[in-house]
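Positions annotated as region 'Disordered' by TrEMBL: 1-38. Per TrEMBL, the feature compositional bias 'Acidic residues' maps to 17-29. The transmembrane segment feature in TrEMBL is assigned to 58-78, 109-127, 139-159, 171-196, 203-231, 237-257, 304-324, 344-364, 376-399, 411-435, 447-470.
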Amino acid sequence: MDYSVNTRPLLQRSDSESDLEEEEEEEGGLDQPEHPVVITKDPGHLFKIREPKDRYNLAYIIFYLLGMTTLLPWNFFITADDYWMYKLRNVTANISHRESGRTELQAGFTAYLSVASTIPNTLFLILNSLLSHRISLQLRMVGSLSIIVILFVLTTALVEVDTDSWQQIFFITTLVTVVLLNIVSAVLQGGLFGLVGKFSPRYITAVVSGQALGGIFAALAEIVSLCLGAAPTTSAFVYFMVANAMLLMALTAYLILARAVFFRYHLLEKCEVNTLHYEPCMIQTSSSSLTTRNISYTRILAKMWPYGLSVWMTFFITLAMYPALTVLVNSMAQGNKKPWNDIYFVPVVGYLIFSTCDYLGRILAGLLQWPRNKGWLVILLAVCRVVFVPLLMLCNARPRHHMPVLIDSDLYYILIIVVFALSNGYLANITLICVPRVVDVADQETASSMMAAFLGMGLACGSAISLMVVKSDIYDLSIIAIDCGNRLHPTTCKLYLPLLRQSEIATRVRDSQQTYLSDTGVDHDSEVLSVRLGGAMHWSVFLEGGPRRVNHAAVCVGDRIYSFGGYCTGENYHKRKPIDVHILNTVTFRWTSLPVPRLLSAEGLDMPFQRYGHTVVALDNLIYLWGGRNDELACNVLYCLDTVTLKWSIPQVYGKVPGARDGHSACIIDHFMYIFGGFVENIDRFSQEVYMLDLLTFHWSFVSTQGSPPPYRDFHSATAVGRRMYVFGGRGDLNGPLHSQEEVYCNNIMYLDTAINRWHRPVTHGNTPIGRRSHSSCHVKELTNSSESIPVLYEGDLYVFGGYNGLLKEHYNDLHRFSPQSNKWCEVFPHGAPPSKRRRQSCLVVGRRLFLFGGTSPMLEAHTVVPVPEDMEPGEIEELMAVPLEEQGDVNIMEMEIIVDGEVVLMDHNDLHVMDFEPTLQTLCLLAVIRHNISTEWLPASLKSELRYMTTNNTISRPINSMG
């Protein structure tokens, strides 16, 4: 921009200048002012006597605010983690959106967000450095800020829109918005870095420190919203509204700054002028157009490349780990129901502490300004940060498959984050401070814009690597196998390799095994076990000492299983006894119990009484208990337990409430709880009716169904699969709803299509299980990435375990799989020792594991059986019986049921069984260590902890009483 300056001459003009003025007069391009006018590109020297001051530090404050604004979209998007996890949750699951086992969209969102942010950001930062001198600064700054405001308003509007039915579209829409935001943010950031490069290092520090301060601001806003305890959508709405206010404030502040004399003075392009000196006076902007100056990018790059490489390396390493990996690092004590570990750990450590230390690092660089003019030293410091990659990968990031957690201390992780962030902030600022000093004054804006491009390239490369880190298992499986072989005693290779061979089903895994076998010389064919239909499934954990319960009800919320009520054989249950609640940590396999009063008092009426034959379901963090009975009566009151506060309440319900009953079933589809069947107390009959409770309005409805419903029954199972409710098994009666003791056990499976309320009886094939009651049924939801090459055989199927047939008087411990897609039954045989035969147990799927506990079965005792030939005479039999057992050849030991007064004696169980659908190599190796009693002194602390979890019994169980 040209400027005209009213002056009086102090020195004689040169001939060249006189000629220039004469040319301009001839062209008639300028009106002659009242006083002499000199056209100059560099009026900076005109202010040598009195340089404008930054009054009230206004420019410094606005640069801080603009620095915050450049990364505000990124900071607000990555710290709104709870909102994104809620929007992308599994809407068909009875689990919290905060659970550790995340869906595919949840687990990959942060990494996709990084890619969608950094790649377009980098591309346009590069374009900005090449083309910025062709577009006015005012247009770049004001235009980009305005577009960011519009896009953020649209993002805020989507918060209150129900996107559950179009999650994929919402996911794509969000990423497209992120791409557009980062395109205009790149224009804003490149323009701002080029602009502030014309100012002193103090203002450069203000911009880069403002970027870090924006991260602190966003993290604090997220933490405050969590403290308020509002719903994710409510807190996100307030959260994004704050961002909108910040953006509008930044736009207004820049318009004010652009009018300041101090700003306009530094904005002018400076060059050396030796021929004239003028006394400063009034400045006027002329209307002449900008003259384009030739820029030598190679000359600039030759001077600044060490700092460009350093800032690239700094942000490459940072974005490779933060936030894609750090957001997955949980507290080692997660799940103990403490807010710090379960709610605040990730936002405080992963965002607030990181942003604060990053901010302090940038401030420190502005104060020390070291090293100066030593580009090689800055490069060395940036390269040294590579050490943070393995350190952070060895922390407690979830989910993980094969790589062990070696840094198992929250304190160590926090210290790593502190140093990681301090070094990032320091190196980011020191490189930007040094660059204007190593280039010509006229090249400062271009050099600073090029530094922004280097920074963006580091962000893009780091985010691409972060996606690979999150999606991969970190190590090749063959390397893991070799590492395990080195850690284990050499002779133990043959003990666990056959298990590894039969459990893995991917070609790449088999290839890794063959490579390992050939490298180690282990015989391929040694100890090969036959692979049955169970495939990779393995009963991996068996522990005792948990709650001894029968006919209880359980549900999963996050990584916790909540078990309610039930009975122990021989005990009496009356109305005033409060229900007991036991909680299982599915990571550590530890049981705890909620404290309850000995008897229900008037103050404790919101707590249900102890019962059995009831049901529980979960929606978000709330568990709803309905039905069941004790020794006195049945109940139809709805109770609610908040798993965050652990407080009971009784919601006010409306509509047609079902009659009190037990032995019914319940499941959740969308936000509706469906009740089917059971034995209704007030009419003393079986039921085949369906009721529905809206858990948002608490309105009960009788569901008028079409088609032939399942026969009257109780103690069946009902399992939700999508919008279908599958019903299997149960006990009916030949006389329909009447209880005449003429029992019927049906093995047909039926489902209710809740979209049209019609019953269907699919034509099934395969090995159909025998009819039974008091069994367990669970659905394995899709958990893995569909892009993986490993086929997952168990996802989407129903699994039925155990139960009892009263006509045959037989308990079962078989495991059957039903495919809703093919309507095929098959019996599966997981590896390992299965649970004993039983009924009235609980069985739930959490992640890739099935948890089974409790129940009752006949008490057994061992009997020695001596085979006697049919043609043996009585005398010979007496002689055979006189021979001591240890001297007899063929002797069999058989377990037989204990019968007292013609009745089978039952034993109530306190055990816990865990079946891995897809055991990791680490789990298989630990099982080999347990089975063969191998020394554990070579194991790292994290593996010792997991081994201890797998082998240490619980201690909360009550003893077996005299009756069971």
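A Cβ is built for glycine as well, from the same backbone N, Cα and C atoms used for every other residue.
Since we're looking at a predicted model, the values are computed, not measured.
Within the chain, the transmembrane segment (344-364) has long-range Cβ neighbours (under 8 A, six or more residues past its boundaries) at 75, 78-79, 81, 205, 208-209, 211-213, 215-216, 218-220, 222-223, 226, 322-323, 326-327, 329-331, 334, 410, 413-414, 417-418, 420-429. Within the same chain, the transmembrane segment (304-324) stays apart from the transmembrane segment (171-196): fewer than three Cβ pairs sit under 8 Å, each pair at least 6 residues apart.
Counting Cβ pairs closer than 8 Å to the transmembrane segment (447-470), the top stretch among 139-159, 171-196, 203-231, 237-257, 376-399 is 171-196.
Across 58-78, 109-127, 171-196, 237-257, stretch 171-196 shows the highest tally of CB pairs under 8 A with the transmembrane segment (139-159).
When each of 58-78, 109-127, 171-196, 203-231, 376-399 is checked for Cβ pairs under 8 Å to the transmembrane segment (237-257), 58-78 comes out on top. Beyond the ends of the transmembrane segment (203-231), by six or more residues, the same chain brings 59-60, 63-72, 75-76, 78-82, 192-193, 196-197, 238-239, 242-243, 246, 343-344, 347-348, 351-352, 354-356, 358-359, 361-363, 365-366, 425, 428-429, 432-433, 436 to within a C-beta distance below 8 angstroms of the stretch.
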